[in-house]
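Notes follow once the structure below has been shown.
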Amino acid sequence: MIGIVIPIKRLHLAKSRLIDLLDPADRQQLVVTMVRHVITTARQAVSYLSIPARIWLVSPEPTLATDSEGIEWLPDNQEELNAALTEARQRIQAAGVQIMMVLAGDLPFVTVRDLILLSEALTDNDVVVAPDQHGQGTNALGLHLPSQLPFGFGPDSAGYHLRTAARLGLRASLISTPTLAFDLDDGERLQQYYRCIASCDNFAR
């Protein structure tokens, strides 16, 4: 079974890099919109994956899960992403999950095809890293369970995950698509996002 895990910060803390560009209410609404898009995409992808899958939201915000059918909530008791994901990994492995796919909750253009590519890449690899547009952060991470790979989300996390996988003797690879790599981390990207949603009836699938 595949476990798609979507970690989300407290809404008022999310997208802090945009604090000078958006007021708190607009920033929070932006985050909710992106989270809902990621959840919808993950739910649609489940029917296309080669093995059964479940979706978990790891967050101190339970309403995000209760508002979304088919989403299971894992409370984030750690208040630190890597610790929260480590705890989530233990819990979903106990539930029978064999493949864990961590998907950032703030990917506005992620598609079903992106998740299929991530799943397919795990056929021949123990670890698959999908970096952000700078090649530094990790927007998605796939791994087989059980796994000793420590989570290292943060600065240069893509490189960290690849180096650590190699040190542990794990087969690892990168995948990258424009929609999976797109990350709203500055004003230019924010304007690109607004231009796209203004010209599209729906996000790309």
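From the backbone N, Cα and C atoms, a Cβ is placed for every residue, glycine too.
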Please state which member of Thr138, Thr177 Swiss-Prot lists alongside Gly154, Ser157 for binding phosphoenolpyruvate.
Thr138
Same-chain shell around phosphoenolpyruvate excluding Thr138, Gly154, Ser157, C-beta within 8 angstroms of the CB centroid, reads Gln136, Gly137, Gly152, Phe153, Pro155, Asp156, Ala158, Tyr160, His161
What number of additional C-beta atoms lies within 10 angstroms of the C-beta atom of Gly154 (phosphoenolpyruvate binding site)?
12
